[in-house]
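Single-structure report; data block below.
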Amino acid sequence: MTVQTFTPNQTTTLDTAKKTIEQQSQELTPSGGNKIGFVSLGCPKNLVDSERILTQLRTEGYEIVNSYHDSDVVIVNTCGFIDSAVQESLDTIGEALKENGKVIVTGCLGAREDEIREVHPGVLGITGPHAYENVLEHVHQFAPKPEHNPFTSLVPDHGVKLTPKHYAYLKISEGCNHRCTFCIIPSMRGDLVSRPVGEILSEAERLKNAGVKELLVISQDTSAYGVDSKHSLGFANGSPVRQNIKALSEELGKMGIWVRLHYVYPYPHVDDLIPLMAEGKILPYLDIPFQHASPNVLKAMKRPGRAERTLDQIKKWREICPELVIRSTFIVGFPGETDEDFEMLLEWLKEAQLDRVGCFKYSPVEGAAANDIDDQISEEVKQERFERFMLVQQEISAAKLQKRIGSTMKVIIDEVDEEGAIGRTYADAPEIDGLVYLNGETSLKAGELVDVLIEHADEYDLWGSLVRA
């Protein structure tokens, strides 16, 4: 049994690879204590929820194991973003019930308890997303707290992490105030609730002290941070800090490690972040989901943006910060998308020259308003548009990476094996973007920052050699 993440055709941009509990075995499994199995599905935001639950379980003395048969209880943290994710979650619950029999369900699908009970009436307990205390209450009921010395710490200061030790996700808020017609996140996770700025910065400091070299800032809507508190003043280390994304980014930028922003909704005040990137305070990397370029489709999605104005914005951003890398996601085959709408999207894509792009064929989500829109698109047309879109972007990406050849770039090493090292530049987020291959460099270590001369490129990845002093 592994801690894993399901990667559905969702409109969020950031996905995590499968992570096994074994990777954290020394932190998670000292002897003694009732044994808990754990499966985590979904996006990085769900992964952070899993880390928080696991941290509390370890704090209370529970042992985390990677086998159904060795577990006293199994927790499944579910995804419910689209129908295929729902099915994956239901299948995983069924597998856990078959292999173990004692299952607690949490996460996004947990908000739809009746649907779970209809398929799997034998689950012990169900909670919605970020209901950490309720999860622990269910665990206490079916696997009582182990006895352990409360003065003996069973977890590191930064808590249990399911990512490699050199990078970590930093969730700054929960929920979303938008009502995009393809999305049901607000119905599962509620409206925006921002974490206190001092709490976020304290966590970031603990992660840095634990050896984290890269913070991946995530939420449902990162650029809306602090809207719910009307951007009131918070405090960090005794000093006042305004609770908005610009001020938070400035404070994170003082830590001297990579800070990467994800899920940045295209508000006008995104303009305020670009100078911070130009000054080197945060990485010049903007993950901003435009979703489409046709005004008709954007209106049907209840998304902001006019094609020409967005192009002007992108041009201005690049003038301020020439090193800026823009990642975005798009949906093709949205209900009502005409041939003209799609051609407009392709022309916009050619003009925008984005660096990293994800494209998803529209997939219906139970409860989403888009399901009621007339003129649903056939799967055949969706696939044809998806392939054409990706071919256009592939050519753009290849041309952009060719320009990297001959330059020296800072690379963070992700893994090393007998063939060499693999890393990423500032232009690449873990799991979703490209890689840099260093063939033969077997003496490097994960988390090292090294200078690399770029010597070769394809459509998505780079190859280079280590620059030695």
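Heads up, the Cβ atoms here are built off N, Cα and C, so glycines get one too.
Now, the feature entries from Swiss-Prot:
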type: BINDING; residues: C43, C79, C108; note: [4Fe-4S] cluster 1 binding site
type: BINDING; residues: C176, C180, C183; note: [4Fe-4S] cluster 2 binding site
type: DOMAIN; residues: 34-144; note: domain 'MTTase N-terminal'
type: DOMAIN; residues: 162-399; note: domain 'Radical SAM core'
type: DOMAIN; residues: 402-468; note: domain 'TRAM'
Of C43, C79, C108, C176, C180 (the binding-site residues), the residue whose Cβ has the fewest other Cβ atoms within 10 Å: C180
Residues within 8 Å of the C176, C180, C183 Cβ centre (excluding the [4Fe-4S] cluster 2 site residues themselves): H178, R179, F182, I184, I185, P186, Q220
Where C108 ([4Fe-4S] cluster 1 binding site) sits in the secondary structure, as DSSP reduces it to three classes: helix
For C183 ([4Fe-4S] cluster 2 binding site), the number of other Cβ atoms found within 10 Å of its own Cβ: 24
Overall pLDDT for the domain 'Radical SAM core' (162-399), taken as the rounded mean: 94
Pairwise Cα distance for C180 ([4Fe-4S] cluster 2 binding site)/C79 ([4Fe-4S] cluster 1 binding site) [Å, integer]: 18
C-alpha spacing of C183 ([4Fe-4S] cluster 2 binding site) relative to C108 ([4Fe-4S] cluster 1 binding site), in angstrom: 13
